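In what follows, a structure is listed as structure tokens, so that the remarks can point back to it.
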Amino acid sequence: MFRPLSLAACAALLLAPLAALASADPHSYAEPGRVRVTHADLDLQVDFDRRELIGNVTLTLDWKDEAAHDLVLDSRDLAIRRIVAVQADGKAGAALPFALAPADKELGSKLTIVAPKHPARVRIYYATSPQASGLQWLQPAQTAGKRQPFMFSQSEAIHARSWVPLQDTPAVRFTYTAHVGAPKALRVVMSALNDAKHPLDGDFRFEQPQPIPSYLLAIAVGDIAVRETGPRSAVYAEPPVADKAAREFEDTERMIAATEQLYGPYRWGRYDILVLPPSFPFGGMENPNMTFATPTVLVGDKSLTSLVAHELAHSWSGNLVTSAAWRHIWLNEGFTSYVENRIVEAVYGKAQADEEFLIAAHELRDEIGAMPENAQRLTPEPRGLGADDALSDVAYTKGAWFLKTLEQRYGREVFDAYLRGYFDHFAFQSIDTGQMLAYLKANLVDRHPGKMRWEEIEAWVYQPGIPADAPLPASPRFARIDAERADFLAGKLAADKLDAHGWNTQEWMYFLDRLPEAVALDKLQALDAAWRLTGTPNAEIGMRWYVHAIAGGDRAAWPAAAEHMTRIGRIYLTLPLYKAFAKTPEGLAYAEQVYAKAKPGYHPITQAAVERVFAKARKAGGKE
Ligand code: BES
Ligand code: ZN
């Protein structure tokens, strides 16, 4: 369980203008109380030369307010060509006047379409910008196959508006259909039902029959092969990666079945996974029917497949029951992190699940005290918060920890039944923390008095920090690692005498996570000599190792660290290295050089995150 972005990495994201704070979702200009989009029909052409999507979207509208005069949509960097009302027979009707407001840095441009006659549908002709914040265009050299270009979207939190003009708020759900034209021989996939046997004829059609929020709109195009992993699951990946990915994710059907056992039927039909090139800025993204995933979890021993458990879990917590605004994102990510851990337990056993939870819990404990009080809350006050600011470890790990506490107090049997009922009750709705709490009170707390006081629940949800009695599992293997680490640091145990031959990924992560920030250089060198950490193919271990090596002045590790940073665009695995380098002037200069080479391969979000690290470091350096 790891946050995709650190709080600091989110600074540039989406400060809401104060005027918008009065509405339910301060990160959208849409006015869904007046008129609501119920269906989107996309007709887009993928142009790799121009790096743009060009075409139109037809939005079906449900007018709620008789007095409404116009339809307000979100957009960012879109070239809007023409907007028309669409008649019942599907023919384009009268052109509609529209105004595209100057862009707000965080929210993009408010698009106001004048439509006093309340047409049932409107069609917007538009093209995206090559800089669209929600798309990454890769040259063949940036792919595994090196022969074809690749393009993928990442809409969460508020980037769908950079490739489709729409009501970009999780409070609005709509179904969608799409017709996508692309170069022949490439495959187009979307967050919809995908047909593995679809001819690669440049002409793709999709349908997402379930109503979804805009942040789950997704598309990818490239040289993509398919490998079945089960009766309702497959892996999509570039041909050189496909077999490895299929082996790594061979337990997908067991995970789906385990989740169904706990929380009821999987309601989306197929569950496929698309493995992206390494520039994908996140670990995973729960796009319905087609999880998007980083290739950095393909380590050969399935030790990082909790990522699949996590994204699959969102098929219940998030995609089915969705937080209505970004400050309630813990309803998505906290619930999902809890469910993820239950899936891991069901498929890989309790010891593995406990190790994963302990790593996340220790990480949160270590960092939460240094966060501003507001950010320590599960439901932070919206004032001055960006859409992604609620996305720290707090939403993920404190959220999951709260649910673990409920499970412990009420017992598994009662809590599992409760949670299953919660998913059924709120299925296909977007809700806020208040609704979740009201349901909790009526269906768990009041029905089983004496297990947990309401004040305790309110403390978890509304207070900063972590309650002192938050339960933690015991892990005998981690306890042994604590002892070995202590002996190693005290000089009682040589690096090559560590009992690390059998350590799995999580055990290495735990060992490295809890080393002090500055370990003596000779100890680092001995560790590396004994266990060959520099150059490790496991990027979770690599990230942690390089941060120590850089902090400890182990220059021999710099080139391998640079290689890691250049190859991997996943923010969570790359940004810590930039931060570690930025702590000294020489390190900063080196990292700037690495970045100059790596930048063209990074997603716009990763670029922005790295540049913020540099800006902060230069400012701090300048003051000295
Ligand atoms: N929905 C998130 C990814 C996300 C959140 C993208 C907010 C943009 C804004 C996804 O489910 C997630 O949490 N991914 C994690 C992996 C996971 C194993 C914790 C990530 O990308 O690190
Ligand atoms: Zn998630």
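Numbering starts at 1 and runs along the chain as it is shown here.
Just so it is clear, glycine is given a Cβ too, placed from its N, Cα and C backbone atoms.
Owing to the predicted nature of the structure, the values given are computational and were not obtained by experimental measurement.
Summarising the annotation, TrEMBL assigns active site, proton acceptor to Glu311. Per TrEMBL, the feature active site, proton donor maps to Tyr396. Here TrEMBL flags His310, His314, Glu333 as Zn(2+) binding site. Per TrEMBL, the feature domain 'Peptidase M1 leukotriene A4 hydrolase/aminopeptidase C-terminal' maps to 475-614. Taken from TrEMBL, the feature signal peptide covers 1-22.
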Given Glu311, Glu333, Tyr396 as the recorded positions, which ones have a Cβ positioned under 6 Å from some atom of ligand 2? Glu333
Row Tyr396 (active site, proton donor), column other C-beta within 10 angstroms, all chains, value 27
Do you know offhand how many angstrom separate Glu333 (Zn(2+) binding site) and Tyr396 (active site, proton donor) by C-alpha? 5
Are there any residues at least 6 positions away along the chain from Glu311 (active site, proton acceptor) with a Cβ closer than 8 Å to its Cβ? List them or say none. Ile273, Gly284, Met285, Glu286, Thr291, Ala293
Confidence over the domain 'Peptidase M1 leukotriene A4 hydrolase/aminopeptidase C-terminal' (475-614), expressed as mean pLDDT on the 0 to 100 scale, is 97
